[in-house]
Amino acid sequence: MFFGAKTSEKLAFATLKLSMAVVLAFVSILVIYITVNGYSVLSLDFITQMPMKRMTQGGIYPAIMGSLMLIGLSMAFAIPLGILSAVYLNEYSTPGRISWTIEMAINNLAGTPSVVFGLFGLALFVKYFGFGASLLSASLTLALLILPVIIRASKEALMTVPQEYREASLALGVTKWQTTRKVILPAAIPGMMTGIILSIGRVAGETAPILLTGAAYFLPRIPDSVFSQFMALPYHLFVLATSGTSITQTRPIQYGTALILLLIVVFMNSIAVVIRRHYRKKLNR
């Protein structure tokens, strides 16, 4: 051993602090850069007006509403299915080849590129089921994309619930499903919220899947049904920054769009964090 115990401990803490400082520095630089470059276009009109002249003028209201609808629908599909799948895997399935295969498939799906999910959504929802390029097709595709994250986070949260909770409930004559619903799930909700928070950011920022399943670049109206096409902030930003003849002219709009997207993610994550904190306080009473 080159260093004593105290010196090693100090070096370890210094390394941890340095790593955290580097991460915070990069995040701060990114946020400040986007804010400085996008602040000039922020206004009530930019947020509430329809786009005009191929998005070189006007606002991004349809893209904001499209993103919010996309996030809401995707989470509505993915959260119940993800939590129920995690409950089955942790509480009801028995160790064996089938459960091992399911968990291996979930782990592999978590690392699959998003464009693959986009192609799958194009083939299944747009073509096979006939939903067309629509908000529904994009939402279902993104729900599949975030499903592994929610399942893994929910399963880990269920695993942290002490076994004594289950044994005490069952000893009182409560059924297994009642134990799961009334005892296990409430205790695991704070941990499950972690997966939901990560999923919100993933859904809000994905471009490739919605490009293939329903997003439109210029559509100056709000979707009137789940079978309509829609505008979304990440795809809108992608096209503004990479295509057309007015890339330089629309640069402030690009940064303004990025800033709005960032604020939406922060706001929705903050709501999820507040809910998680509420349940933690409720459990600690």
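Just so it is clear, glycine is given a Cβ too, placed from its N, Cα and C backbone atoms.
Note that TrEMBL annotation is computational and uncurated.
Residues or ranges marked as transmembrane segment by TrEMBL: 20-42 (among others). A Cβ distance under 8 Å defines the sequence-distant neighbours of the transmembrane segment (20-42), meaning residues of its chain 6+ beyond its ends; these are 251-260, 262.
Residues annotated as transmembrane segment in TrEMBL: 63-89 (among others).
TrEMBL lists 64-272 with the feature domain 'ABC transmembrane type-1'.
According to TrEMBL, the transmembrane segment annotation covers 109-126 (among others).
The transmembrane segment annotation in TrEMBL covers 133-151 (among others).
Taken from TrEMBL, the feature transmembrane segment applies to 183-205 (among others). Only residues 6 or more beyond the boundaries of the transmembrane segment (183-205), in the same chain, are considered here, and those with a CB under 8 A from a CB of the stretch are 67, 70-71, 74-75, 78-79, 82-83, 86-87, 91, 142, 145-146, 149-154, 156-158, 160-161, 165-166, 169, 174, 233-234, 261, 264-265, 268-269, 272-273, 275-276, 279-280, 282-283.
Among residues of the same chain six or more beyond the transmembrane segment (226-247), those with a C-beta under 8 A of the stretch's C-beta atoms are 51, 54-56, 60, 62-64, 66-67, 69-70, 73, 131-136, 138-139, 204-207, 210-211, 214-219, 253-254, 257-258, 260-261, 264. Annotation comment: TrEMBL describes 226-247 (among others) as transmembrane segment.
Annotated transmembrane segment per TrEMBL: 253-275 (among others), in sequence order.
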